[in-house]
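Working notes, structure below.
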Amino acid sequence: MRAILDAHPDVRCGGETMLLPSFLTWQAGWRNDWVNNSGITQEVFDDAVSAFITEIVAKHSELAPRLCNKDPYTALWLPTIRRLYPNAKFILMIRDARAVVHSMIERKVPVAGYNTSDEISMFVQWNQELRKMTFQCNNAPGQCIKVYYERLIQKPAEEILRITNFLDLPFSQQMLRHQDLIGDEVDLNDQEFSASQVKNSINTKALTSWFDCFSEETLRKLDDVAPFLGILGYDTSISKPDYSTFADDDFYQFKNFYS
């Protein structure tokens, strides 16, 4: 998603800062220590936090009319970021937890709270965090949009148009060929764990990359350890689900508040 946005001539996201998720966690602790005990008001603290974030986002790559940032799990801090940037808009990317967990394990991605040697605990963690992020996104109407990975790669033109409309951006054909703009419009941070994937064109191969990678015992437990999968519309009844329903024209008509 980040590379697709970066391909737009009016947008610059740049590579993952790999700093802001930790900073957002730290500032929560600082608020308790300083705002409550030293006379520093929330407004003053917010100004300081937003100034730091703005400097990082604005200056870690070239300027553009519209700036964006993509760092894993920053959506967990959506209420705070909305307060700091009341005119900002947010995209919550949603993907099948089985693909997410497989990707973390396969690429050895270090994400706080995820123990890659314990698959079940990873699904539990995903369930908790996605539920929280989805709830927070749903409570930011007009500011936050949910985008399903499985729909984006099957209906890229339609979904990208939906996204640009939400962001009040003109549609750009360049967004459909972000891979051709790597190193030009699209900058990569070689330390990003997703760098190798970003270099690929939009394709459906990743949909089934997790097939045959989990034991039947693990898959049978999903409804208990990650029930939010079903709420989001993912089929947990079979080991190799068909994602074609995510490409249906009426896909969004059957989405409830939680999904």
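Each residue, glycine too, has its Cβ placed from N, Cα and C.
Values in this document were obtained by computation on a predicted structure and should not be read as measured data.
Listed features, source Swiss-Prot:
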type	residues	note
ACT_SITE	GLU16	active site, proton donor/acceptor
BINDING	ARG95, SER103, ARG107, TYR149, SER194, ALA195, SER196, GLN197, VAL198, LYS199, ASN200, SER201, ILE202, ASN203	3'-phosphoadenylyl sulfate binding site
DISULFID	CYS13-CYS68	disulfide bond
DISULFID	CYS137-CYS144	disulfide bond
CARBOHYD	ASN36	N-linked glycosylation site
CARBOHYD	ASN115	N-linked glycosylation site
SITE	LYS70	site 'Transition state stabilizer'
SITE	SER194	site 'Transition state stabilizer'
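Location within the structure of each feature annotated in Swiss-Prot.
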residue	record	Cβ neighbours (10 Å)
CYS13	disulfide bond	23
GLU16	active site, proton donor/acceptor	22
CYS68	disulfide bond	20
LYS70	site 'Transition state stabilizer'	20
ARG95	3'-phosphoadenylyl sulfate binding site	20
ARG107	3'-phosphoadenylyl sulfate binding site	12
ASN115	N-linked glycosylation site	11
CYS137	disulfide bond	19
CYS144	disulfide bond	21
ILE202	3'-phosphoadenylyl sulfate binding site	19
Restricting to the recorded positions CYS13, ASN115, CYS137, CYS144, which ones have a CA within 10 Å of the CA of ARG95 (3'-phosphoadenylyl sulfate binding site)?
none
Top Cα neighbour of ARG107 (3'-phosphoadenylyl sulfate binding site) in the set of recorded positions CYS13, LYS70, ASN115, CYS137, CYS144
ASN115
One should report the C-alpha separation between LYS70 (site 'Transition state stabilizer') and ILE202 (3'-phosphoadenylyl sulfate binding site), rounded to whole angstrom, as 18
Between the Cα atoms of CYS137 (disulfide bond) and ILE202 (3'-phosphoadenylyl sulfate binding site), what distance do you get, rounded to the nearest Å?
25
Report the nearest neighbour of CYS144 (disulfide bond) in space among the recorded positions GLU16, CYS68, ILE202, comparing Cα positions.
CYS68
Three states by DSSP: which one describes ARG107 (3'-phosphoadenylyl sulfate binding site)?
helix
CYS137 (disulfide bond) falls, by three-state DSSP, under helix
For LYS70 (site 'Transition state stabilizer'), which DSSP three-state class applies?
coil
